[in-house]
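Novice: According to TrEMBL, the protein carries these features:
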type     : residues : note
DOMAIN   : 204-267  : domain 'MIR'
DOMAIN   : 278-335  : domain 'MIR'
DOMAIN   : 340-399  : domain 'MIR'
TRANSMEM : 483-501  : transmembrane segment
TRANSMEM : 522-543  : transmembrane segment
TRANSMEM : 549-571  : transmembrane segment
TRANSMEM : 583-602  : transmembrane segment
């Protein structure tokens with residue numbers, strides 16, 4: 001019989017220094033994350049994904065793999081967010097249903113735990129606790145890393161003394177992570193709910209006359225949304241005194257809804273069902289779009305749009321027996337066609353709908369309608385539309401062949417889900433490959449952003465990003481790094497490369513300046529830190545997407561890790577006399593003090609408080625290229 005010795009005891013060792021490091025990291029990262037209670041820079045972009053996830057809508061967008069979106073959505077879910085908020089402008093005040101702290105806490109925690117990971121990494125590479133502790137002070141006081149919390153803890157946590165084990169751990173961790181993401185993302189619900197190419201599974205591929213469709217804008221800015229109408233008319237007069245047609249509102253709605261369904265109709269026939277065989281819609285065909293639930297035709301005319309008076313109003317036509325005839329014919333322009341008679345395809349075709357009477361293009365303006373429009377997004381007819389604009393492109397996302405001519409039967413049909421053919425379900429590997437292809441081929445916006453930058457500007461911190469500006473004061477949040485930190489990190493990288501090349505050449509000549517174990521330690525540190533910097537920085541030179549300064553932060557994390565490695569190596573192996581080492585220690589202390597002074601001076605631009613005067617802000621513009629916002633009174 002198996003015997004257990006009693007009592008059972010457990011001995012626990014607590015690293016008080018590591019606890020202190022983690023605690024201070026949590027304080028600096030969690031402090032003030034609820035402020036401001038307003039949309040801050042990329043929250044206007046990623047917030048829309050949270051709303052869609054909360055509504056059980058899954059998708060692929062041009063920002064890349066969905067794992068980051070899902071991590072943020074976890075915070076939204078834990079905070080009880082219902083997804084009801086329109087993310088349409090930076091600075092918009094959050095409503096009471098938005099759990100601001102919960103939305104921001106997971107990235108803040110991830111950034112906090114990066115600091116003890118950086119500490120442990122330096123120690124694991126064989127360097128002293130003193131060097132590791134000195135290095136993490138640079139992480140504490142780097143304003144960019146403080147503001148942009150979510151780094152790459154996976155790679156930092158995977159390091160050991162044995163280089164093959166580093167590679168094995170990293171790729172094993174990456175494989176497990178990616179498998180979990182894929183299982184959760186390409187589960188059986190996503191082909192019906194979201195944006196994978198296999199959303200066409202179980203749906204007709206060719207759009208035909210009589211098809212029932214939902215039209216989603218190709219642009220994801222300000223939010224992904226669907227062409228929508230409802231039984232509410234435009235006000236007879238707007239707040240500014242301008243008049244409207246008082247016809248039925250047509251909007252773009254950022255959630256799945258039965259009022260997003262439209263019927264593709266042949267203008268020459270009254271039938272609303274698909275014939276047998278179906279008659280496909282081709283590039284250049286003239287069609288009408290009938291709203292499924294209200295039976296109003298999509299219409300535009302020479303009436304100014306409510307929020308964009310330079311464009312035409314788009315409406316569901318109502319005949320008021322006035323001199324305003326219906327103008328509801330639209331030409332199908334398949335932008336990504338391969339032939340002039342190409343068939344309109346579900347999901348695959350990017351379509352521009354051109355109004356026959358006025359040549360205006362059906363377009364998402366991006367403006368939000370007032371309360372009378374339920375804060376939904378404005379759709380307009382743009383007569384000066386030029387070039388490729390995603391806001392004027394539409395995809396058929398959900399699609400079925402209409403079978404009901406009668407309105408009541410058709411309403412029941414529209415309320416039923418689009419069917420997925422279970423027999424055609426894809427294998428896991430097929431879903432995996434399709435997801436990769438979708439991420440590689442998804443199109444990016446071609447327009448430049450005010451705060452976009454090039455990788456060369458990141459090295460010397462010649463650029464910044466204004467995240468938020470208080471509506472009435474100079475209080476603002478800026479993405480600006482600690483200039484002392486960045487300069488020392490650049491210098492450490494150069495010194496390491498020079499040391500490595502010098503040692504390598506001399507060792508080829510059988511001259512060993514340092515012991516073999518020290519050489520191997522230096523090489524391993526270079527593989528991790530210099531290699532980590534290179535693989536997170538150099539690929540951006542090959543990318544065509546719009547780039548921002550925060551894309552450099554993973555590379556910056558590795559470059560700062562290089563500092564204690566260079567410092568300790570110089571102190572032990574290069575500086576021989578006590579006087580040299582003492583002078584070097586004074587220099588290091590001065591650098592750390594300078595790092596703190598830089599942090600202290602620029603911290604109001606990181607935390608958004610206190611508000612500074614215009615003169616104080618002008619004094620913080622240490623580089624001419626920095627865009628510090630000044631409110632003149």
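Placed from the backbone N, Cα and C atoms, the Cβ positions cover glycine too.
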Novice: Are there residues at least six beyond either end of the transmembrane segment (483-501) with Cβ under 8 Å to its Cβ atoms? List them, or say none.
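Specialist: Same-chain contacts beyond the ends: 138, 141-142, 459-461, 522-523, 526, 529-530, 533, 556, 559-560, 562-563, 565-567, 569-570, 591, 594-595, 597-598, 622-623.
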Novice: With DSSP as the yardstick, break the domain 'MIR' (340-399) down into helix, strand and coil residue counts.
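Specialist: In the domain 'MIR' (340-399), the DSSP-based counts are 6 helix, 27 strand, 27 coil.
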Novice: Excluding the flanking five residues on each side, which residues at least 6 beyond the ends of the transmembrane segment (522-543) place their CB within less than 8 Å of a CB in that stretch?
Specialist: 121, 125-127, 152, 155, 159, 161, 163, 166, 455, 458, 493, 496-497, 499-500, 503, 514, 551-552, 554-559, 561-562, 565, 569
Novice: Using DSSP, what's the helix, strand and coil tally for the domain 'MIR' (278-335)?
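Specialist: Split into helix, strand and coil, the domain 'MIR' (278-335) gives 0 helix, 26 strand, 32 coil.
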Novice: Quick one: DSSP breakdown of the domain 'MIR' (204-267) into helix, strand and coil?
Specialist: 3 helix, 30 strand, 31 coil
